[in-house]
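Here's what Swiss-Prot has on this protein:
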type	residues	note
DOMAIN	16-95	domain 'GIY-YIG'
DOMAIN	207-242	domain 'UVR'
Amino acid sequence: MADPASYRPQTGEIPTNPGVYRFRDPHGRVIYVGKAKSLRSRLNSYFANPGGLLPKTYAMVHAASSVEWTVVASELESLQLEYTWIKEFKPRFNVVFRDDKTYPYLAVTMGEKFPRVQVLRGERRKGTRYFGPYTAGAIRETMDTLLRVFPVRSCSPGVLKRAQASGRPCLLGYIDKCAAPCVGRVTPEEHRALAEDFCSFMGGEAKRFIGRLEKDMAAAVAELDYERAARVRDDIIALRKVFERNAVVLAEDTDADVFALHEDELEAAVQVFHVRGGRVRGQRGWVVEKVEDFTTPDLVEHLLQQVYGEEGETQGRLPREVLVPEEPSNAAELAQWLAGLRGAKVDIRVPRRGDKAALMSTVRENAEHALKLHKSRRAGDLTNRSLALQELQEALDLPVALLRIECFDISHVQGTNVVASMVVVEDGLPKKSDYRKFSITGAAAVDDTAAMHDVLTRRFRNYLQEKAAQAEAAQLPGHQAALEAMAVASMQDTTTPAPRAKFAYPPNLVVVDGGKPQVNAAARALAELGIDDVYVVGLAKRLEEVWLPDSDFPVILPRTSEGLYLLQRIRDEAHRFAITFHRQKRGKAMTVSALDSVPGLGEAKRKALLAQFGSVKSIRTASAAELATAKGIGPSLADAIVSHFSNGAAASGAEAPSINMTTGEIIET
């Protein structure tokens, strides 16, 4: 661990202006981002008395090796820049509000051609609108009820594709719980309108739809169409059943998010009730570990910044009013920022009396229970993870803590479609954003040891190249000023995805799936690159033996060892990730077509040609002028297709049919 005094800047070097600062570790990775009204005052607080810092802050300043700062013109700019950098760098020590994944959400995938209604847990996806959370039983009942009135697609992509191919809808299409856009019963536009109505109802516009259905029922009765009137009546009953589940808690015109929190010295639990049209439409929860000695206003500020920053990107459904337990720091600037995301005014208020204060008390009770539940669950989980990492470090006699572990696995079928996977574990938990896949070809695909050597060489060669590039860039004149200018210029942009991390951060331990040959191949790859601070082990299947490089005998860990269990989980995750990629690659190779090798002809254009001409045989005999009439096929590409087939026929002397390699069926006739 670094001594903070070794990189502490001179007090006179630090400006007193507002700004944003970044702590970096020895590998150059940003590990913490913060903002301050006075950079000098805030940064000096980290170095004046390190022993008096909170445990996590103490760990942060000792894990860092440098600190940088950027001066901005106002506190609003510092708020925006801090959010931008946290989103870009994902610093490990920053306050992160982790979703409570106990309850599922009702989600509508509006980003798809045919929007799909489904039940989802976990992280939010772009282009998807969420409602809830609900209990598992309630959400299934709600979804089943609403599909009677709004028959939106709810099937998986595989079921949709099979229905499109066969021309027959699934069971839900036959029982009128799906409009069956897959077979053309409704157009994509009509189906999207159904999905929009579904979202509007869940968003609080229930009375509008119930009123519309009541008019339809009255019209059906007037026309003596009693069967249709009965169906509409049943739809009204179904909608009222869903509508009445949410009790009225505030005035009917109230749209607000009500936040409350319960905290101790190290953690805080946050709960929010989403009130739309005076009714509670959803509830969410987070738990956060404190890094600095945050006050409640500081926590509220970071909470709103993260929650609405993400929702502003994906949903744009910020309410008119945000109720909080205490006024956040920089409340005026925060309200201005939220108004920019919403496109209209947002009021941040602290309820003092009345119905809103009573609802705030209820939300606070939920936060208190959530923190108790989190601590009881986390106690066992954190203890086991810490024990596993400590056992592994001691059993392998490693001098460094295992902060980051990477595991590699090779997957193939009899030497075909050889692929490899890299999975990452940090602090005992998977870090899926750092997972990587490798395709292996040529001499490296001969056997597992050659493949393992190739993958480790590629991974760590990239690490060395990126490390060298960063070092060269840091030495260029004006590099720091250029970085700051780019950051300030981009801080208004909260919609651009953060750049994907590559290989710039090395592991403490590499685990390979295999025994002595695979371990030695991996160790040889590292030695050839001159890397001597990354340790390598292998976990052999069946006997679960742990192998070290150039060792004649394995390390045997007890079957009850938490360290062995951690290695097994990492190995199994790497195997799952590798075999999934292998199956994807093998599946693409299953269907072979003469169109696949035409230069410049992608999948969409191949489909357009087949849709217009019916078969590869017809495409082969068509002229360039005829081919150019297909969607997306220009004159130059049409000439290339004709030339490709002419050259292929001359070379082979015969036409090779397209074959489905799974069934052996000849695709074209």
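Think of each number as a place in line: the chain as shown, counted from 1.
Cβ from N, Cα, C; glycine included.
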Summary of DSSP states over the domain 'GIY-YIG' (16-95), given as helix, strand and coil counts: 37 helix, 19 strand, 24 coil
Non-local residues, at least 6 beyond the ends, that sit with Cβ under 8 Å of the domain 'UVR' (207-242): 142, 145-146, 148-149, 197, 200-201, 277
Model confidence over the domain 'UVR' (207-242), averaged pLDDT: 83
